[in-house]
Amino acid sequence: MKEMSSTMPSGQQPQKHYGITSAISLAPPREIDHQYTKKLCDAMKPFGVFEDEEELNHRLAVLGKLNNFVKEWIAEISELKNLPPSAISCVGGKIFTFGSYRLGVHTKGADIDALCVAPRHVERSDFFQSFFEKLKQHEEIKDLRAVEDAFVPVIKFKFDGIEIDLLFARLALQSIPDNLDLRGDSILRNLDIRCIRSLNGCRVTDEILYLVPNKENFRLTLRAIKLWAKRRGIYSNMLGFLGGVSWAMLVARTCQLYPNAVAATLVHKFFLVFSKWEWPNPVLLKQPEDSNLNLPVWDPRVNPADRYHLMPIITPAYPQQNSTYNVSTSTRTIMSEEFKYGLSVTDEILQGKAEWSKLFEPPNFFQKYKHYIVLTASASTEENHLEWIGLVESKIRVLVGNLERNEYITLAHVNPQSFPGSKENRNENDFVSMWFIGIIFKKVENAESVNIDLTFDIQSFTDTVYRQANNINMLKDGMKIEATHVKKKQLHQYLPPEVLQKKKRSIAELNRSSNGGSSKRLSLDSSHLDSSRDTDSGTPFNSPTSKPSKPASDTDDRCDVLIVYVKLISVSCSNFATLSPPYPEEPPLKAKPPSPPSSSSISSSVKPTATSSPREEPNGLEDSINGAPSKRPHSPTQEDPTKRPKNTERLPSMELPDASSPLPASNSCRVVKNSIKLALNRHK
């Protein structure tokens, strides 16, 4: 890390600062800044972001037990592998934490991300076999499950009520001392890639803490920004927004630029800095260093693919990676608007014109757009459903990318919150989850009608999901995906009135919802945010605002997209013994009528205007983003397969299977396609 010093006025000692540039301001906090910081803390308390002393001590006790448990297991393995008693007595082993708990910003009921570090004679197979069996016999451990074939292999469990995600790394050391420091790059030598990935979380977290001038100011600011991001619906790495580590790095960079500021000032400066940031310039906490270990790092000078990342935020530990490779044109546009809105609100707060509670008011997503795509995932049992929606949710960003590349779509905004299916729109015995994607279409002038066919966009998404599910042997009878286009006025057929018309709840209700359960995957009847790998549970996501502000993306009332041509695709799988090439023939099945019926056909009289080229609806959102994926010149139909463009979206290889992977066979996978005919028009 490169440290520099700046000259302070009045002959004071020069102050060290952190990062790749000089600080913007070294001004110390004023008394009023401390007062605003206290008010900020008071505003966050109802949301359950602070853990009390008893809960904190309980976590420490659980981690202490787990650490002893690991040492005991490693000693047993060492004995089985015939190590001498003198070596067994000092072989060690240690549990490290990372993520929100290590950063000191975890919320009530949040899980703990942990890493088991073992010496070189302990194999990964030992961890997933003998250690897993040892955990199974422990009476305080519940809900034990191993995910050995994940990109970062993990064992998940509850230890005395606390959820823990435990990774494994085997170091090239004879023993693991209690004072082991993972920050040095030399520790990565001679390790396999899975161990390097597992170590990465700890190394990044420790480096972030090392690179901030004041840890307490950093933590309080990060708590506020994480709460704001969750409340505004932009906290989800999986869906193309930012996850916990990315928000932490943005806050850390703000702290570097204002090293003496307290939390209230830092929150305001956070919005000031990133509302004006010129993406895709990367955010860096330190100058990247090459450790000559020949590991792949983020470097657009060397890797052409890195040049297309839209919002690069680079991890500070070697090997440096972009933590935001999932960000798309739409999600960056949405987050950029939120930064600007946050700046305007904090301006008001620091001028005494508003309270901090205004910053945490959620937008009303269901009043924001005129058009939505409802994505429904269903399964016949609760266990299958939890598995199925985890996979579907992890691929929703593929659908968003497909929609973004459609010539007539300006923006596709996925709401990270999932909802249980309404009784009217599902079979009685099905378990259903729904996601909503807000769509802004471009206006077309001087055109009687423009057909937009989203069949290919949706079909390629469902193909991706089913191919992945087939590859990992997840597909089971009753697992289905459906995509339906609806207008805002039809949302009441899917969602209860209290979701569509949010009324202000009391602080007591907020407290109840913030303490309501510590499970990562909330119940199907809950309207809270569904599971996300980087979402702390315990923080209420969707409590309503009393005075929702007019959304920036609301369209002009004189302009409306009336009809869009979509084919509803519903796929149901029952037998997966045989495989067929991609894009199986459609079986001769009777088409299932779309649900609800009102979404299948919409029409209205229109009056054309002067020009014929499509242009964006006035929506207040920027779409002129450098490096954005190119739009398709037309919307291909199924009758014109030769004109189908190739899917050019770049996604990391670990997220998608190889394109040549076969789809489930057509005789075992029912594909039901229904047409929803709409047209893009304008009227006065």
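Sequential numbering from 1, following the chain as shown.
The backbone N, Cα and C atoms fix where each Cβ goes, and this holds for glycine too.
What TrEMBL says about this protein:
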- 19-212: domain 'Poly(A) polymerase nucleotidyltransferase' (DOMAIN)
- 217-361: domain 'Poly(A) polymerase central' (DOMAIN)
- 364-430: domain 'Poly(A) polymerase RNA-binding' (DOMAIN)
- 506-556: region 'Disordered' (REGION)
- 527-536: compositional bias 'Basic and acidic residues' (COMPBIAS)
- 538-548: compositional bias 'Polar residues' (COMPBIAS)
- 585-597: compositional bias 'Pro residues' (COMPBIAS)
- 585-670: region 'Disordered' (REGION)
- 598-613: compositional bias 'Low complexity' (COMPBIAS)
- 640-649: compositional bias 'Basic and acidic residues' (COMPBIAS)
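Each residue in the domain 'Poly(A) polymerase RNA-binding' (364-430) has a pLDDT score, and their mean in this model is 89.
Sorting each residue of the domain 'Poly(A) polymerase central' (217-361) by its DSSP state yields 74 helix, 6 strand, 65 coil. Each residue of the domain 'Poly(A) polymerase RNA-binding' (364-430) gets a DSSP state, and the totals for helix, strand and coil are 30 helix, 17 strand, 20 coil.
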